[in-house]
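Colleague: Just passing along the structure, written as structure tokens.
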């Protein structure tokens, strides 16, 4: 064989029909963070869901500020409904992560991928179509929040489904040497979609500021505060652009080679001696057969997958890893979402949320969010991308939990009398170590530590546990802040960070670890034991 990468499946210039099997083109002669054209295409397809997740997360706390003026004459939203609106997308995410993660393993990635993006598009359109005019004239402003709550749950189902799907689609197609970097690039879309360099939260803040600036004359000079109703619809609707741009490519992406090989291994189709290339020479026909099976076969395979999953995780060596990925993500998201879904409220409490008329409140809230994002989020993502294949996932996660705990303790101990500049510096460092830490690695771990045949299911379960933590934080933050004070809520987040650090001890290092090779060896050993018995 020559040293040239295998291009047997590169049937079209775009690489989509070719499957974007980036592992075939990794010759190992460049740094892990260097991206080939195939990897960039893969990231453009798989990363959009995380852009939408981050965009939604970081604009909703600014949208709720606008709704204060549209619905309640500048007064605070009802605490219960405010918490429900903040938590709604996360509630839906739990459903999407569990359900679509299981289906992606049982039926294949190709059969499911793209459907979650259709759900996101549909729910976004319905969210921005909230009928504020008729409901306000009827004296029912709370009904607008209920409307948003319902459709943001549907939106969350699509966003949640994207976690196990995009993680698996990416991990299935890249080499072990670059797997962590590629997954970090995918996840970095939480902070931009453009070139996958990690800015979604930054884009959300910039879009909000630009739109608010465009409305300055009509709101600030003419006093037409009700026009803020147009601002939040614009910033919500703009997320449809990358969603529509990516939909076709997701729907037409073929099944990955690794997934087909994993199913063949379990079904006894391939021999133990076959290599990746030998096993998958018939990849095109195998993929078509896999995605066009009769309904009865699909039902049998779904049942088979459940039994395989239960059998695999009935062993403590596997179960403890699943407990580790689920618990770390759960405790991380209590702190992460508790802070970020309520970032505007926290900024307002320390005097950075704006004073004066409606426009200045909205502008300074958006500015505060932008400053925090630019100083903390983006650098944290970049450092993770550059160092993950050198430092390892476990080290990054452990130090991330410990240092985020440190800065949460500083903020909790000084809350109420720290200067605005001091608060912003500490808050930015907190965000930096969220993202150069557990916020990135809790996503990476389940996509790397579990074998392909259980990867999406386990990733979905882990992510769903994270969203459960986010729901608790979303619903409890405002109520707890009113009863025990924001500083004491920050101490609770500090405790969650310390527990997360302890739970990290359950996890192995996955740098350079091929879960499929380990799984194949365990299957051979089990087969040998059965033959002896």
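Just so it is clear, glycine is given a Cβ too, placed from its N, Cα and C backbone atoms.
These figures come from a predicted structure and were not determined experimentally.
Pulled these from TrEMBL:
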type	residues	note
REGION	1-25	region 'Disordered'
COMPBIAS	1-11	compositional bias 'Basic and acidic residues'
TRANSMEM	40-60	transmembrane segment
DOMAIN	42-512	domain 'Major facilitator superfamily (MFS) profile'
TRANSMEM	80-104	transmembrane segment
TRANSMEM	116-138	transmembrane segment
TRANSMEM	144-165	transmembrane segment
TRANSMEM	197-218	transmembrane segment
TRANSMEM	230-251	transmembrane segment
REGION	271-294	region 'Disordered'
COMPBIAS	278-291	compositional bias 'Basic and acidic residues'
TRANSMEM	321-339	transmembrane segment
TRANSMEM	366-388	transmembrane segment
TRANSMEM	400-418	transmembrane segment
TRANSMEM	424-445	transmembrane segment
TRANSMEM	457-477	transmembrane segment
TRANSMEM	489-507	transmembrane segment
Colleague: Flag the pair the transmembrane segment (40-60) / the transmembrane segment (230-251) as in contact if three or more Cβ pairs fall under 8 Å (sequence separation 6 or more).
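Modeller: These two stretches do touch.
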Colleague: Under a Cβ pair cut-off of under 8 Å, which of the recorded stretches 230-251, 321-339, 400-418, 424-445, 457-477 contacts the transmembrane segment (489-507) most often?
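Modeller: Comparing 230-251, 321-339, 400-418, 424-445, 457-477: 321-339 has the most Cβ pairs near the transmembrane segment (489-507).
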Colleague: The transmembrane segment (400-418): which same-chain residues, six or more beyond its ends, come within Cβ distance under 8 Å?
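Modeller: Those are 332, 335, 350, 426-427, 429-430, 433-434, 436-441, 485-488, 490-491, 493-494, 497-498, 500-501, 504, in sequence order.
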Colleague: Within the same chain, where does the transmembrane segment (321-339) have neighbours whose Cβ lies under 8 angstroms from its own Cβ atoms, ignoring anything closer than 6 residues to its ends? I mean 6 or more beyond.
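Modeller: Distant contacts of the transmembrane segment (321-339): 57, 90, 313, 346, 397, 401, 404, 408, 430, 434, 438-439, 442, 445-446, 449-450, 458, 461-463, 465-470, 472-474, 476-477, 489, 492-494, 496-497, 499-500, 503-508.
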Colleague: Test of understanding: applying the rule of at least three C-beta pairs under 8 Å (pairs 6 or more apart in sequence), is the transmembrane segment (230-251) touching the transmembrane segment (80-104)?
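Modeller: No; fewer than 3 Cβ pairs under 8 Å.
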Colleague: Take the transmembrane segment (144-165) and find every residue of the same chain, 6 or more past its ends, with a Cβ under 8 Å from one of its Cβ atoms.
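Modeller: Same-chain residues near the transmembrane segment (144-165) but 6 or more away: 49-50, 52-53, 56, 60, 67, 71, 77-78, 81-82, 84-85, 88-97, 99-101, 104, 109, 112-113, 115-120, 122-124, 126-127, 130-132, 135-136, 443, 455-457, 459-460, 463-464, 467.
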Colleague: With a Cβ cut-off under 8 Å, give me the same-chain residues at least six positions beyond the ends of the transmembrane segment (230-251) that come close to it.
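Modeller: For the transmembrane segment (230-251), the sequence-distant neighbours (Cβ-Cβ under 8 Å, at least 6 residues beyond its ends) are 14, 16, 44-45, 48, 51-52, 55-56, 59, 62-63, 66-67, 70, 113-114, 117-118, 120-121, 124-125, 127-128, 193, 204, 207-208, 211-212, 215, 362.
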Colleague: Within the domain 'Major facilitator superfamily (MFS) profile' (42-512), what mean pLDDT does the predicted structure show?
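Modeller: Average per-residue pLDDT within the domain 'Major facilitator superfamily (MFS) profile' (42-512): 80.
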